[in-house]
Amino acid sequence: MDTPAGEPAPLRELIDALRRLPGVGVRSARRMAYHLMQHDQDGARQLADSIGGALSRLLRCSRCNNFTEMDPCAICSHPRRDPGLLCIVETPADQNTIEASQGYRGLYYVLMGRLAPLEGIGPRELDFDRLLRRATDGLVREVILATNFTAEGETTAHFLSEALTARGLKVTRLARGVPAGSELEYVDAGTIAWALMERRSAE
């Protein structure tokens, strides 16, 4: 879509920035930008301040790789979590979904992505070496692969299963109650809880 004649450069820059959000095209970005400028400048300032605050205050937990204000994060440092269970998820949103199921009391590792060779995302980009060090720290007795049931998620789970099994770890996968092709973020809590309880060997 062409840029309208006379559209100010700061507005174009805002539209381009909004287009970085997942699922936001140029039309949606332009609509949001004009809404913020026309009807909600206080909201625009709050949004800018919140983004700046998140960038300056958040860091990655050295144990689970999730975003946190303190290291280790609240879950990794919780005395009642089971350090022998390590659940591997793709995103923080997936971790939140599993937590909402109230069916898991172990720890997590957040990949911050999934293997996608066509997009240039391989084991190095996801720092699998760091994950393998975490999983072989001597405390973990079982690794639960909770990557999404998409083609990329299954590829990631297969790769990790082989690498972790080769290191002598018990590796399991969420049960197939989670629909094929689905992302955990959009699966209901009851299904997640069942899939955790009925998890199977990943071999």
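Placed from the backbone N, Cα and C atoms, the Cβ positions cover glycine too.
Bear in mind that the values here come from a model prediction, so they are computed numbers and not experimental data.
The domain 'Toprim' feature in TrEMBL is assigned to 84-179.
Nonlocal intrachain contacts for the zinc finger (61-76), taken as residues 6+ away from its ends with a CB within less than 8 angstroms of a stretch CB, comprise 92, 95, 107-112, 130-131, 134. The feature zinc finger is assigned by TrEMBL to 61-76.
Per-class residue totals from DSSP over the domain 'Toprim' (84-179), listed helix then strand then coil: 36 helix, 21 strand, 39 coil.
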